Structures are given as structure tokens and as C-alpha cells.
Amino acid sequence: MDIESRTYQNTVKKESWRTVLTLAYQSLGVVYGDLSISPLYVFKSTFAEDIEHSDSNDEIFGVLSFIFWTITLVPLFKYVFIVLRADDNGEGGTFALYSLLCRHARVNSLPSCQLADEQLTEYKTESPLEMGPRSGFAARLKSTLEKRRVLQKVLLVLALIGTCMVIGDGVLTPAISVFSAVSGVELSTAKEHHKYIEVPAACVILIGLFALQHYGTHRVGFLFAPVILLWLMCISAIGVYNIFHWNPHVYQALSPYYMYKFLKKTQSKGWMSLGGILLCITGSEAMFADLGHFSQLSIKIAFTSLVYPSLILAYMGQAAYLSQHHVIDTSYNIGFYVSVPEKLRWPVLVIAILAAVVGSQAIITGTFSIIKQCSALGCFPKVKIVHTSSKIHGQIYIPEINWLLMVLCLAVTIGFRDTKRLGNASGLAVITVMLVTTCLMSLVIVLCWHKNILFAIAFVVFFGTIESLYFTASLIKFLEGAWVPVALSLCFLAAMCTWHYGTLKRYEFDVQNKVSVNWLLSLGQTLGIKRVRGVGLIHTELVSGVPAIFSHFVTNLPAFHQVLVFLCVKSVPVPHVRPEERFLVGRVGPKQYRMYRCIVRYGYRDVHKDDIEFEGDLVCSIAEFVRSEAETAVAETNGDDDDDERMSVVGTCSTYMQGVEDHDGSDLDDPDKPGTSEIRSPMAKKKKKSKVKKKVRFIVPETPKIEKETREELMELTEAREGGVAYIMGNAYMRAKHGSGLVKRVAINVGYEFLRRNTRGPRTALTSPHASTLEVGMIYHV
């Protein structure tokens, strides 16, 4: 038995390691595409017009020393050993850190949060690092953050600044990567003519890259990892060749002493050149941002075993070549390609362009992902999100953002036409994101990991000092290209803050103007309200009460459906909500009124279902609520804010463990059999040609007291579902109240209304059938 047990453990261990190594290989194309192509432009950006070259190698060795220690300290020590451990249930990125802080310090910016949300599995899951009692300082810091709204807003703005810089990086990284890769043609053409080839070629590649985004990367994604693997092997092999062929003693430059000599000799110009050296770590944030697609161990293995040594060898090889070739004509002959043996330049050029495209694809996909997170948390206008793959998580496409990125990317490429200024712009965006991560990580160390304040201070001082040095060096180049990410970030930040402010004001108006359930129940006598056949879904942001938009509707048109559902689709500050915890269902008023409240909860990385599947899950969840309520007599309370409504957690159809039967279309039982009520998924109607039609049967308990009443309710729900579903949507126009300040009037009347009119409506409006949708207009004076 022991031998069998050991054999089983070894098999599981082998399978787990096989999975980890497979993920490590796949991460090369997704995570490290941007970081791997940095040797194309680092030396070229660093030496461009800033440093006067001499016959000695002090400047070259100094730059190499800076590159080595920067890559070692920031990507390796900071991200691999520390930041990767601050995951939010396996997810990473700026908003993952912000989400952790929201849950641990109760600084959530979402207005519709409930106590029931804190019962979610991922909400309560703690990291292995979260051990030990909270220190006195941590408790005081938590209390201060919870009490002071100003600090909560500062924390949100800090997270948004990091997000805006990521979007700016999504504009600049494709431009500098593709332009640097194409710049290899300058060695094969006359100096005065190569610019006429580089810019058009780079623009054509960029247009093709963005034009193909709507197809998704799952069709060609299998090529990403091999391309980056081939590129890393290529640059490391060329690096080894250059080291042994030109200067085997280049390893001496790894000593920190050469950094001191570099700054002492070059002084202010050397400090300004740090903005170019900074580009060697561009793409490091992707290790954390893409954590949800892979695992901590796989990302660590890929970086430490392949990416890190390949990059170090590539930079050492370039330095070895340059140390023996001091005749440098500004930046023309100091690019990556000049150190490549002449016979290999064209093959390397092709591989470099492919690697640049892969690296650009990774940052574009990352930009789509972070905008989706912002939109889910109410910090970005509603946009159309297309999931390009049903199997691969996280592959999305946002048309509006894609074309905006393409226009901006082409604008900076054509406008700058220079690696130096593109590098200045990209460097400031990269280092700002890292500074934001450092600040948020210091709070995570104290509030989430419950570590001593000294650990947080040491983390901020050590890494913050390094990043501040690079930040100031990048900021000094403000007029030489660094203004681009600042301008882009300010525009996106203004849009995000305006949208978030307008969203909060709209929700506050809904809360202040909601009507009671008793008012709704009394309407039947005063207005002669009629009930018509079908299911009416009233979309609302409220989690309790009757929205003003519905009272406005029913007083002007005194009729609504036989089954009424107040539907709230909201996001919660967790990456994913499990299917069995998706729905919160409760009653509104007495049973005979057939009115329900359904709160559908999604995480900021969850995939929203389409209208057909969502509609089926919604109706099934209400039926399951009725069935379970009949069994327990009283629905389970989950801490809802409204004491008049009891909410129960109900999963999707596939999660029901009892009282539900899933079977194919060849049903042998009579659906009209007493004691049963059948609700069919509408997917069966859509897929008529499919052999298997999914049905969900709710079996009513045989208890005499509740059998008849429950069966009647389920039958009525089935009848209403067959009568059709109508979507009643609110179309609110926001207006600032008379006497409001200038800033508020501009933000609401101009900014928010402009964004609302020119972006998408509520999430459910995107998928609801137009023929079944009724919009109710109303003016909100906030």
C-alpha cells in the first residue's frame, strides 16, 4: 500500500511540475514580450546626445552596470520575490492591490456594496502571508482610512493614476517597439534615406496589428511563446559571441563601482541619461498584471531561468562591442543591430519585428484588461467588451479603445520619428506605474499582510529611492517627449474621475428618491394597475427599495407584468464570483404579488453572460429560490441592508445540488405531472439543430402544506417566462441643481453627460433584445 501511495504521489508531482513548466513556457509570449525586446532601444536611447564619448570605457561600463543592477533589483527582487506574493485570489495588477485594500480597510468606492458581499468565498479568502495579529499602527491606519473620505479618494486617484499610465504605455510601447525593430533597415540604406523607410514601415505594421485585434489572439497565440523563445536565444547567443570576440573582460562592469564612476564623470548629463537606462525594465509590471493567466511559480521560473540571463548576456554583448568601437555618430550607429554580425542582420531583423509585434500585442491586451476592470468598478465609461475566445480566459477586445490606441500610436510614431523621444515618453509611463505599485504595496504589507511598519518603510525607502531617481531623470525630459504620457494620463484621469463622480451622484439620487414597497403595493387601488402576461425586468442600481425610474413609469402607464423582477447587476471588489454565489434572490412584498428582487454579482475579471444564457439563469434562480423557500419555510438571511426583504444566495442552473434535474430532450416523464414544474433554458430554442436540449426541472417537495402553493407559483413563473421577457431600462439625464458650484456644473452638465451620450448604456442594455426593451427617460437633478 505504501508503494502504491508513493507511486501516486510521484505521478501527481510529475503532472504538477509538467503543468508549471508548460505555463512557464506559455508565459514567455504573454508576460515577457515587452521586457524581452528592450535591448532593441536601451543603449540607443541612453547615449542619444546626452553623453560625450571618450576613448575610455567608463561610460559604456557605467551604463551596463546600471542596467544590470536595475534589472536585478526591480524585476527580480521587487516583483519576483515580493510583489508577486500580493495577489488577489490569484489575480494581479494595480486594481488587484486596490481591491485588497478595499476589502481589508473597507474603503470600497462602489456605492452598492452590501454586507452579504463579504460572505463571498473570495472576499474572505486570506493569503498565507496574512498571519498574526494586526499591529497597533495597522489598526490606527485602518481606522483612519475608514473614517476619512479624503484619504479614500486619494487612494482611488492613486490607483487611477497607475491605470492611466498603463493606458499611456499601451500607446507608447507598440510605437517604440515596432519603430526600433524596423530601424534595422538603417544599416542597409543611406543615412539620409532610412527615415523614409522606417516610419512608413512602422505605421503599416502598427495598422495591421490593431486591425487584427478583433479576431483575437487565440488563433495565432500558439506562435507567441516560440517567437519570444527564439528571440531570447538569438540575443543571448549574439551576446555570448560579442563578449568572447570583442571584450571578455566586460564582466567587470557588473561591479557597482562603475555606476559611481559613470555619474562622477558625466555628472548632470549622466543623470539625465538614466531615463534611457530605465527602458531596460519596461514590461516588468506585466509579470504582476498577468498573474491571473498563469501562476506565481511559472512566472518566477520563466524569468529566473531564461529571461533574466538572456537579457544580461544581450546587454553585456552590446557593451562588449561598443567598448571596442568608440567612433559613434550620435545614435545612428549605436543601436542593437550594429552589434549583430553582418551576415545575421536580416534574419535577426525579421525575428526582431515578430518579437516587437508579440510584445506590442501583450501590452494592448493588458490595456483592454485593465480598462475592463476600471469599467466594472465604476471608474470608466461603459464600453463594448468582446470576448474573442470562449476557452482562454482574459482574451478580450474593446473596439472603441482599440481604434483610439491605434490613432494615438500612429500620431506619436509619425510625430516623433525618433527613438530618443519615444523612449523619454515610454520611460516616464513605466516608472510612474512602478511608483504607484510601490506605494500601494507598502499599504498592503501593513493592512493585508499584518507586518510590522518597519517592513513597509524599508520597502518604500529602498525601492522608492531607486524609482524616484529614474522618475526625476525621466521628468527632466518633459519637453523632449515625456509630456506625452502626462497629457494622455491627464485626459484619461479627467474622464475616469468625472465618470466616477457622476456615477456616485446618480446612485445617491436613486437612494434619496426611491419609494417604499408599501407605496408600490397600494397603487393597485388608486391607479387601477393591470397585470399583463410575461416577466418584467426592471434594471436598477439599487439593492433595496423601488427605484424612482419605475415609479415614474408606473404612474404614467399603470400596468406591469404578472411577474416583476427588480434586477441589479453589480460588481464586487473581488476578481471572480463563484457560480454558486452569483445570485442574491428575495421577495418584494407578499407572495401573491409575484415580485422579486435579484442581485447578480460579478467580479472585476468575470465574464458577463449573453442575454440568452443570462435570461435562463435568472429565471431558473428565481424558481430555485421558490423551491428552496418552500423547503425551509423561511429564506436564509444573508445580512441584506433592508430588513423587509430576506435575500438568499442562489447559484446558476449548473450549481443546484438538489431539487433540480438536468436531462436531454428525450424526456420520458410528463412535464405536467403533479408535483413537478419545468422551466426550460431558452438555449434549447436557440439551438434547434442541436441534438441535446438542456432542461432544468424543479421538483417540488411533497409536503402537503406547501405543495399546492409552491406548484402554482412555479407554474405561473413558467407561464410568464413563455409569455416573454420585457426589459425596462432607465435612461437618466443628469443636471446639476440650481446654485451648484462651477466645478460641479461642468463635471455633471458637460463632462458626465458628454461621456454618457457618447458611450454605451448599462451592461444589460448591450445584450437585451431591442424589440423587448423599453427605455424610461427621467431627469436627475443632483
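Cβ coordinates come from backbone N, Cα and C, glycine included.
Annotated transmembrane segment per TrEMBL: 20-40, 60-81, 154-176, 196-215, 222-244, 270-289, 301-324, 344-371, 392-416, 428-447, 454-476, 482-502, in sequence order. As annotated by TrEMBL, domain 'K+ potassium transporter integral membrane' applies to 23-521. The annotation domain 'K+ potassium transporter C-terminal' is assigned in TrEMBL to 534-781. The feature region 'Disordered' is assigned by TrEMBL to 659-690. Summarising the annotation, TrEMBL assigns compositional bias 'Basic and acidic residues' to 660-675.
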* Where else in the chain does the transmembrane segment (270-289) make close Cβ contacts, counting only residues six or more beyond its ends and a cut-off under 8 Å? -> 30-36, 38-39, 41-48, 50-51, 59, 62-63, 66-67, 70-71, 74-75, 79-80, 83-84, 92-94, 96, 166, 169, 173, 262-263, 299, 303, 311, 315, 359, 362-363, 366, 369-370, 420, 423-424, 426-428, 430-431, 433-434, 437, 469-470, 473-474, 476-477, 482
* Mean of the pLDDT scores, which run from 0 to 100, over the domain 'K+ potassium transporter C-terminal' (534-781) -> 71
* **Remote residues contacting the transmembrane segment (482-502) - C-beta distance under 8 A, at least 6 residues beyond either end** => 109, 156-157, 160-161, 163-165, 167-169, 171-172, 275, 374, 378-381, 408, 412, 424-429, 432, 474-475, 734, 747-748, 751-752, 755-756
* Asked: How about the transmembrane segment (301-324) and the transmembrane segment (392-416): do they have 3 or more C-beta pairs under 8 A, pairs 6 or more apart in sequence?
  -> no
* **Result, the transmembrane segment (154-176) in contact with the transmembrane segment (392-416) (3+ CB pairs under 8 Å)** => yes
* So what's near the transmembrane segment (196-215) in sequence-distant terms, Cβ-Cβ under 8 Å and 6+ beyond its ends? -> 174-175, 178-179, 182-183, 185-186, 189, 353, 357, 360-361, 364, 386, 388, 397, 399, 402-403, 405-406, 409-410, 413-414, 417
* Asked: Are there 3 or more C-beta pairs under 8 Å linking the transmembrane segment (154-176) with the transmembrane segment (428-447), counting only pairs at least 6 apart in sequence?
  -> yes
* To do: Residue list, the transmembrane segment (60-81) vs rest of chain: Cβ under 8 Å, 6 or more residues beyond ends.
  => 35, 42-43, 46-47, 250, 252-259, 261-263, 265-266, 270, 273-274, 277-278, 280-281, 284-285, 287-288, 299-300, 303-304, 308, 311-312, 315-316, 319, 322-323, 434, 438, 463, 466-467, 470
